[in-house]
């Protein structure tokens, strides 16, 4: 109103034109908005100050200059406030009118400026100090604690130091040297301290008991000495003591309140104290004797219920009418408190979830404890009860803030409840006016009869998604704006897309047919034979019959015949055979002739783009040439690979050529495995590992040359490395960057890297004839097999290469092709069928390099791995159906899915080129020329534009890169994907309300895991189950723990069932690892129980590395013992997005999108079907199956993900119930829909 009046006054006085009036109104609106921002952040609402800030922003249009001018004028604004003010002023300030012309010249905004206005959260200023912020905070906390310790030294020592100034100076010097020694020796002492933890914990318990006795004696002496003092003076002293205790509890920076705490922790354990207390979330349960703020939620005749604040979960307690106030008896509770009133209460006791509180012992104004003796008695009784309840509990668990969840369920079961018949009787008596409603046990004066708190687990709890957007994303999420899906297909209605959908349907039909055949075979087994199999002492005849019948359909001859024929049985030899020495092999590579030119090009240019076909020797030779040229004298030579198998195999080969042991001068680093040493000069690694090194050392100071190999694959890590290394080479002029690619799209790389020169390695290429189909093919798998048979029967000698999408498709094609060739008879020339996919053992993959025997032909059926990663000699014919399986992010479900999509034109050219390596060849494209031209993208969509970016955004934020819009991506990811990633990180607690990284987020970025696994592992530290969670995370990181051979499926299932846990699959994996550990990591034990020994050993290595990371960050590894509820809570805290509830009709429904899913048949919970579960991942076979499932309590979802879930309003119908269909009970006399009202009217 004031703004409007002021504006009106300005307009009346000067009588300007309409445009000027509008401009003044806009200016007044801007001033008001700036005043509001200043008031919100600083508590200053000054119009003159707002106008001064606006004038500064008009003169300084960039963030840096604006910030500098504010600092120069004495302003102490945060970066986020400065950014918001500048954006606000530049958006709302009316444009100045030029004096020379009537119409202002508006400069068109660039695309990036429009995006900055539309998504301000993605262009926050970078924070280069974010990498070291965590360490600085740790040091600051340690310094504050040391100051506290020094301030709490006895006063006598202080007086003595005052008398002796020289002694004080000497002490200061000693302190400085002692602090330096402490910093220097802390790492060395940490291992020694960990070994002494158990003994020290026992000593602490003894010291605690002695200290308690001493304190009682001191109190007795204190009373005896001061008995003569006046009562008013003692009351004042007690009040002061209570105030200081209350203040110290609310202050997070005062760790040691008295001498007992100082003796308990000591100086050497300051770091441990910091991580346990400063990093720890609010406690889950109230502590007896402590004082809490609370709010009155309901009023009863016998007292009131108060909800406690400052706890991790919702916790209510009862203040009995006798505990309301000290003065006199209370007749009516409503006279003392009212609903919604803020009060201060002391916790007297709690049993299960029933908590007894007191208001009369607390000063409601200051929070002072008016009866501290009662507090000591309560705590003493609790300690005695706890020690008597569980004497075998490890003492070191007392240092961890973990709830006693194992006792909750037991205590809750002991509570006496009113049975249903008793409730019915009471209701009938109320209806007959024998009892009044007020006497009903569950009566509430304001809301009427409600269910009791104790009946929570019996009632059907409804959980809903929180519809509120994160504060920094308001107006930008999918709730408030339509997000366009990622476009990975050029024409969704074209013939290629239709063929992909048709093939998916056919594959599903084939799977269902095989499953039906297996079920029919199992059903053919007569009933009642299982008792002979299970009986430990059966008669011989019955046992034999049972064994024979159980083996039906599972005999060794059930293994596909084509596999026996393809791999040649036990006599097969693996590996590419050659008669040349290693030196001759190196000299035969195409790159050898260009060795000198290549080294010179690297010397002359800081960035070099190298183009060469697969097999030219780029990966193995360039690093050796540069090492021989002396570049290793300045640092290491690093080479990245997109796949971990490639990094390992290439490093092994280069070490053989280099003449050293693997891990010495030549080594490799992959996730969870480091095979390097201080002598390593050539280091191969996955691109993700180099990205993690950038997190620690952004300038990569230990490297002289970085080589990004296979850059054409454009993995998500490679694209991020492009932007990071582009900055690094500008800072480090002595560093060299080499980017290699097997495709011919080098111009794009060159333009991105400052017009870097291109070095081309000429390869052996021959002309390739390309043939298209006349009509689109609906079943490309069948068309591929027909084409292979036609080539084999009609074309001249030469091997065939077929491209398919995945393992299942390849196995099916091999089986069908083998049967068809077998049906042609023995007169047809032999066709050797060889599959290639990543899950196949590497020694079997190498069989494709063996030449076919005379008079026969081999056909290699492979995934897109054969496009660029493999070079197979002798290929003259290529069959290209035109499809590939890609990982695509589904924004609806929030997960990545493998989807069959058409290839790009660049991939089609690459596949055709495979036929021209040995001689002139042919490429059979099983799609039309029009489809190639109109339905295929020019290049394939980079992974960064079609996958989930939560992990990438977390890494960039940890590096201090907050301005994601200004980050130099080669192909920028969609804004919608970045917004979704930040929303996910916010719900995990990794981002705060301003979109900046939290302390938890920095911890998460330190682990080489997915964000959900990181959250799960870090929360397990606070829940006191990190020992178990380390094992579970390690087991989840490996694949195929259980082995199920087709000839012993029943026995394998029986052995696996021994490890099944009622809580779910995560704890089943934990049981497997612990059993292996208890059997001394035995390989025979693995074979006996059908468990992959190699997978368990890999899990063991992963666990060791994760343990090292936790130790480095001082995160305690604590076991929860038999309290598996803690493990379930930790799993729920990380994977709450993957929660599902049992559906009344079929399977389960996910909470996030109501998708129908099912528990996988191999799960430990398959036959249990619990009400609520969380899953690790979804797998699409015949149905959408949940893998690695664990049961949960729905209340945990609200407890650990309050930003994502909430309890639905019980007075309204939830969304989930609205979607449910009403199914009437079966009635043989009526049709199913006869109960509907519409049918009743129709009958009339």
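Yeah, the Cβs are placed from backbone N, Cα and C, and that goes for glycine too.
The shown structure was predicted, so the numbers you read here are calculated from the model rather than taken from an experiment.
Summarising the annotation, Swiss-Prot assigns region 'Disordered' to 152-289 (among others).
If you look up Swiss-Prot, you'll see 160-169 (among others) marked as compositional bias 'Basic and acidic residues'.
Residues or ranges marked as compositional bias 'Basic residues' in Swiss-Prot: 170-179 (among others).
Residues or ranges marked as compositional bias 'Basic and acidic residues' by Swiss-Prot: 180-220 (among others).
Among the features that Swiss-Prot reports, compositional bias 'Basic residues' is placed at 221-234 (among others).
As annotated by Swiss-Prot, compositional bias 'Basic and acidic residues' applies to 256-283 (among others).
Summarising the annotation, Swiss-Prot assigns domain 'S1 motif' to 289-360 and lists sequence analysis as the type of evidence.
Taken from Swiss-Prot, the feature region 'Disordered' applies to 361-396 (among others).
Here Swiss-Prot flags 386-395 (among others) as compositional bias 'Basic and acidic residues'.
Over all protein chains present, the Cβ of residue 619 (ATP binding site) has 23 other Cβ atoms lying within 10 Å. In the three-state DSSP assignment, the secondary structure recorded for residue 619 (ATP binding site) is helix. Marked as ATP binding site by Swiss-Prot: 612, 613, 614, 615, 616, 617, 618, 619.
Annotation comment: Swiss-Prot describes 780-960 as domain 'Helicase C-terminal', evidence class sequence analysis.
Restricting the average to the domain 'Helicase C-terminal' (780-960) gives a pLDDT of 86.
Remark: residue 615 (ATP binding site) has 589, 763, 871, 917 as non-local neighbours, by Cβ distance under 8 Å and separation of at least 6 in sequence. According to DSSP, residue 612 (ATP binding site) sits within a strand segment. Taking the mean position of the Cβ atoms of 612, 613, 614, 615, 616, 617, 618, 619 as the ATP site, the remaining same-chain residues with a Cβ inside 8 Å of that point are 589, 590, 591, 742, 761, 763, 871.
Sorting the domain 'S1 motif' (289-360) by DSSP state (H, G, I as helix; E, B as strand; all else coil) yields 6 helix, 35 strand, 31 coil.
Here residue 612 (ATP binding site) comes close to 590, 591, 618, 740, 742, 760, 761, 763: these same-chain residues lie at least six apart in sequence, with C-beta atoms under 8 angstroms from its C-beta.
In this view, the densest Cβ surroundings among the binding-site residues 616, 618 belong to 618, judged by other Cβ atoms lying within 10 Å.
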